[in-house]
Structure formats: structure tokens, C-alpha cells
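*Asks:* To start, I am sharing the structure in question, which I have written as C-alpha cells.
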Ligand code: HAM
């Protein structure tokens, strides 16, 4: 029988070992950076009740209408969804475990998210986010701090050419006024709206502003602006965020058309954008979502957060010529003969006890072919053991990265000698 070739699902990528090194480096950098700002890790399931995302992200959004991997659990009939983002799950977890009981929370998570989008460079169906959420904070200082911390990360990652766009979406009352005006305005152009926009005209007119359809750009440009409807408190909040950004020397651009693709936002929203990744230029995005906690069933609490797209950030880093840092090995243990094999095992474990990274040759073969493998590895030196060495309790130590003779080393001195070599 001819077995069909099995391949990864379209839009879902394998991250192979060479590239995974870059991911590991990125994850280490990000973790140190987050800890530097007092954020603590939280881990949520990849699967949640579908109702959570409908309620949090909004029924009339691209994500909920067309992009969710939703299914019925055949065993019990539950309606479930592979998470398309992390904020809803994070808030659900915080409420379920009562984490906001007596203190605000600074939390972060990372991992895969799933959206059934059309795959292209920088846009995948399984992609990875690092998400950062501050729950229980009302003031503009936390919005500004989250933006400032992003700027620091770009510096630490060596990322250039990203610009910051910010906007305010105001509060519920101003959004309501704006919504009424938008509906009245777009109704006047109803025959020029595309099908998506027509459908959303009365359910979610704000989403029309997000449309990329070139034919509608003139109409969108003339639409009533939320800016003109803002309440005094929202204006004050936005001014305060800007003042902190200015005082920290973070350049930004106010983009009144920045509305975000998820419904839970209010007040500050922001996106970090690059022109170097083609159409998928947003590497990091977020904002304030003061209404979400209540919407998911908790006592009202303000909150603010953002998430970055790991694939996009890494693409940007690689564009700048950053090589994948090689997986480091200290010692490659070469051995031939039965006594030698026994000693090789002992030596390898002894060196690992000392914190060294050791590859013990497996699979047999002569000294010559094993030495070829040692040379081709990233090891700094080879520890060579034959039955003669085993009988004498010594190891031949050969530096692999510098021109130097191999030396005969007593087992008792081996750790010390290797430490000298890898310094
Ligand atoms: P989002 O704008 O939907 O926000 O996604 C955040 C980032 O994830 C995007 O800016 C982009 O870098 C990356 N991203 C999104 N979709 C894809 C995709 N299909 N392929 C590759 N990368 C992608 C959120 O998800 C919010 N939960 C952010 C947030 C946290 N707001 C408050 N807290």
C-alpha cells in the first residue's frame, strides 16, 4: 500500500534545531527583561470554552467570525476552541483562582496561538506570542511603563526601525456617541460599502474603520473621529501617557485610525510597527481593557496589556544578520573497546556532574570516524579513550578549536584540564 506523505498542517511550522537556538536565546532575553519589570509567569491551557473568546474578543470580529479553530468535544458535547490569543484566557484564570483578591497582578505568558488566517510571510495559523498583562491598575503610568519596557526590549534584541503608534479609544460613553455618529455617516454611503462593512454597519461599525479595502479608504478617511467625542477623563489619561513617553524619550505617532481587531479595548491602544516585514509589520500590540474583567464575570477592575508576535520579531532579528547562536558543547567523548566504553560512560557522567556539556559518542565505529564527528561538532575538546587508556586510568585530551597537541591526563585531573581549555 502506498502511504500518503504526512506533512505539518498548512500555516503551522516546525522549528528545527538550528533555528530553535535563536528561539531559546530570545526566550532567555525576554524572561530576564520581564523579571526586570516585576512580571510573573502564568500558564494557561491551549484549549478554552468557545464562549470565553466570543464574549471577550467580540462576536463581530474577524477572529471570532472567521479565524477560530472551534470544535465540539465528541465525548461530552463541550464547545471548545484552540486559543487565538492569551488575554481572555489569562483573565479567566485570574478570576477563577481569585488572584486579584488583594493585590494587582503583573503577569506574562508565552506560547502558541491559533488563527485560521491565510498563511503568508509573518502570518501563520499557529504562531507564538509573548503576552504581558497588568491587572488591577487604573492610572496612565502602567500604560506608559508597558510601552517604555517594549522600547527597552527592542534595544536588548538589537531591533531597529520600529515605530510606535498610539491612540485612545475613549470610554464606553464616548464610544457609544461615536458609534451612533459612525452608523449615521456610513448609512449615507451604504451602497459603496463592501459586504463585510455592510454586515457590520449596525453590529460593529468601528470595525469598518479597520478595513483594508482600497475602494473604501476615502469614505473611511472622512468618517467622524472618536477623538472629537472623548470625555475629559479619557483625554487627561491619554495626555498623561504621552507626557511620560516624552519624558522617557520615546518617540510616537498618534494614529487616530488605530482601532485594534479585538473589541475589549478602551482608552490607550498602541502598536509597534516596522516597514521591513512587508504587509505583516505589526510586531507588538495592545492597550487598556478596563471592561473585560467584568465582562468575563469578575468585579470591575482596570487592566492593560500587550502581546508580541515571536515569529515576526525573530524574522526582524534575522534580517539584521543575526546568526543562530550555535548549541554549545564542551566535550566530545570518543571511545573504542569494551573497557574503554565503560570508562567513557564514567568520564561523561563525571564531567556532567561538573556542569560541562558532554556528548558521548554512540553508535560505535573506529577512532578516525569518531574524531571526524568530534571535529564537526561544536565541542571545544575531545576526550579520547581506548582500552590502553582505560587500563591506565587516563584520558587523551585533544583541543579541537585551537592548534595544540593532545595530552595524556590522569582521570583525577581531567575536570581541571578541561576547564583550562574552555576558558
Ligand atoms: P493581536 O494584535 O491580535 O493582539 O496580536 C498581537 C501580535 O501577535 C500581533 O501584533 C502580531 O505580532 C502577532 N500575530 C497576530 N496574529 C498573527 C499571525 N496569524 N501570525 C503571526 N503573528 C501574529 C492580541 O492578541 C492581544 N491579546 C494583545 C493584548 C494583550 N492586548 C492586551 N493584552
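Keep in mind that glycine also has a Cβ here, set from the backbone N, Cα and C atoms.
What TrEMBL records for this protein is below:
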type	residues	note
BINDING	85, 86, 87, 115, 129, 133, 260, 264, 265	L-histidine binding site
DOMAIN	1-325	domain 'Aminoacyl-transfer RNA synthetases class-II family profile'
*Asks:* Work out the three-state DSSP category of residue 87 (L-histidine binding site).
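*Replies:* Note: residue 87 (L-histidine binding site) is helical by DSSP.
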*Asks:* For the L-histidine site as recorded (85, 86, 87, 115, 129, 133, 260, 264, 265), determine the largest distance between any two Cα atoms, in Å, rounded to the nearest integer.
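*Replies:* About 21 Å separates the two most distant Cα atoms.
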*Asks:* Kindly state the mean pLDDT of the domain 'Aminoacyl-transfer RNA synthetases class-II family profile' (1-325) in the predicted structure.
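*Replies:* For the domain 'Aminoacyl-transfer RNA synthetases class-II family profile' (1-325), the model's average pLDDT rounds to 94.
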*Asks:* Run through the Cβ atoms and count how many others sit within 10 Å of the one on residue 265 (L-histidine binding site).
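*Replies:* Around residue 265 (L-histidine binding site), other Cβ atoms within 10 Å: 25.
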*Asks:* Given the binding-site residues 87, 129, which one is most crowded in terms of C-beta atoms within 10 angstroms?
*Replies:* 87
